[in-house]
Amino acid sequence: MQPIPDVNQRIARISAHLHPPKSQMEESSALRRANCRAKGGAPGFKVAILGAAGGIGQPLAMLMKMNPLVSVLHLYDVVNAPGVTADISHMDTGAVVRGFLGQQQLEAALTGMDLIIVPAGVPRKPGMTRDDLFKINAGIVKTLCEGIAKCCPRAIVNLISNPVNSTVPIAAEVFKKAGTYDPKRLLGVTMLDVVRANTFVAEVLGLDPRDVDVPVVGGHAGVTILPLLSQVKPPSSFTQEEISYLTDRIQNGGTEVVEAKAGAGSATLSMAYAAVKFADACLRGLRGDAGVIECAFVSSQVTELPFFASKVRLGRNGIEEVYSLGPLNEYERIGLEKAKKELAGSIEKGVSFIRS
């Protein structure tokens, strides 16, 4: 027979779910008392998703709930967080899920987290470039990063909010102002460019995409996305026509999805998949796994620009090493110059947003 305290806890837990006060959110003292699983959750890392109710955030939350490295999953948004939290929390995996609604709960969502994933912001619409998103998303990223600087300055930050070429510099400037900036812990997520490159190259070569690795460097918009097809693994040769086709399709993959959805959304599902793939790499790095290498938009000395996307090795402190570009062919060298010219303006735009 179960001891009486256990029975009471179980009854309280059921009652909290059947009769939630307003919403099943972290602010509820009844739910906090009932959520005894959280005290002894599965070993792992604490992860927060900021923008968890959005088009990327929802599938991202679902996939992170499935990750065995996650012990606690915090879902934050300014709208609809209670519903997403309730839905995701029913999945029979180890991570304990907690929801947080609105600016007043941002600090609670962030406190004690190991990894912060930020897909918050408005999505792309037909005819809209990533730079068109700047005016709205820049302010959102600024506010969220101010919270991160205050509540979990040692967390690894995976920034998805577009335009990444500008929002990463914004985040860096916010952290600098707060005195918490660690360039090893701020990473712009460009994994979707790599995922697309692997997929499209595999189609041309007739291979399984899981067996293909294409380094994608530069940035995360248009011509700043530079796939290094000369460094594809397994080693492969391409005709000039194939190189032009692949480069163009990789650079414009986001537009391809926006147009195909005809106003109904952007690349939310593939982005969520790519974000989870990158987050998993960060968590494996935090765990101490060796040889965790992915591409990301980070503080860099690879070029004369202060930020650049290239391969990085991930570890317990975030970025352990930033790799050089390696040998480039003539087509890639020309593409690199175009990418740097475009990137310089985007980076300055982000820096100026905070400094001005």
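The first residue you see is number 1, and the count goes up from there.
Backbone N, Cα and C atoms are what each Cβ position is placed from, and that goes for glycine too.
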**Prompt:** In Swiss-Prot, the NAD(+) site includes Gly51, Ala52, Ala53, Gly54, Gly55, Ile56, Gly57, Asn137, Ile160, Ser161, Asn162, Met271. Which of Asp77, Asp182, Asp289 does it also list there?
**Reply:** Asp77
**Message:** Quick check: of the recorded positions listed here (Gly57, Asn137, His220), which one has the Cα closest to that of Arg196 (substrate binding site)?
**Reply:** His220
**Message:** Whole-number answer please: how many Å between the C-alpha atoms of Gly51 (NAD(+) binding site) and His220 (active site, proton acceptor)?
**Reply:** 20
**Message:** Applying a 10 Å Cβ distance cut-off over all chains shown, what neighbour count does Gly51 (NAD(+) binding site) have?
**Reply:** 25
